[in-house]
């Protein structure tokens, strides 16, 4: 370990910043946010420094570097564009045993500034030891995406509750189990973010009074159409908090690699015409695991409320009184069409879009007359095995023979493949495609020739 990571208490303590340009301005913001009593020494100052000085937030000393300013300092930053000046500052601090950061010169500095994720009072610092600031920044961005914005409010509220929790729960084990439930309670976090004090108090009271082995909860999460980059931030947060993840065939390996490492995984692979695990059994798995007190994530491809049977699964939980929530996902129609260069609506071609299941229960029938109407786009989910029937019915009800169609296989994935033609070819085209696949019918398919961006990447 080349550097010891520490957090400094600078509130009301003298700090010196040497430099008055844009880099120095960024450092000044950090020091002011930390509550430092800041003096800035430079030949010239960017306008923002004058604003801060007029507001009494810092003191400006114009001129050459003045070593006497170090006499009362706890910490110094050298942020000029003159290497010689920066070196003088560093040397002077070394003699006085004052920690000094030299911007863009980690070898001359006695401390370095990390990339910061600020969820005060929770702080996360990321550093490459000065060897690769860009890498540290990229890691910080990933952590920013994972950590909810309201996490600081939750941490502050936890601090207010510590004494009460200690008197409520007698043992360390009980207190630990309480805090584990507390920090993953979405209802509490959302109430704090919304400043809904009544909801905060009600949720807190329930957490403090219910048995620690109380039933868990189920979160229904839409994984999106395949590309892991299309998973929502909230979806990512949920799969990284799960005790158990119940997932199906449409969830990509890339997304499963993001799941919390020690979470149990239950595969309930499903596809049109074949169910590895019957739907009722899936419902019972969710119920059984939640009743054990676990945080269960039901991870489904696309959006769970669009042909995902999410409603059926939640009805079972609702009837049993198990708490649940839903995180929407990007549905396959949206993701696959975007990655295929096919806009679902267009002023010249389609004023509406219809999402249709091609996998119907026995005896079900679609309104083919309205589906064959002009100026709309049809997207058939799970329609591959019914492609010939879809072709026949649409033609029978008046759709034009030359209506463009596209079949998108493995949409949004690196292995995505798009086969296109006209309606009279749909049944034959389907024989060239493997599941999972989506069928798009409409004049908007013609735009693919110009708008197909993904295959060029």
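Cβ atoms here come from the backbone N, Cα and C positions, even for glycine.
The S-adenosyl-L-methionine site recorded in Swiss-Prot comprises 301, 302, 303, 306, 331, 332, 382, 411 together with one of 211, 225, 278, namely 225. Ranking the binding-site residues 225, 306, 332 by Cα distance from residue 22 (NAD(+) binding site) puts 225 first. Comparing Cβ neighbour counts within 10 Å across the binding-site residues 23, 43, 44, 332, the minimum falls on 44. Other C-beta atoms found within 10 angstroms of the C-beta of residue 248 (active site, proton acceptor) number 21, with every protein chain shown included. Cα-Cα distance from residue 302 (S-adenosyl-L-methionine binding site) to residue 43 (NAD(+) binding site): 58 Å (rounded to the nearest whole number). In this structure, residue 332 (S-adenosyl-L-methionine binding site) is part of a helix by DSSP.
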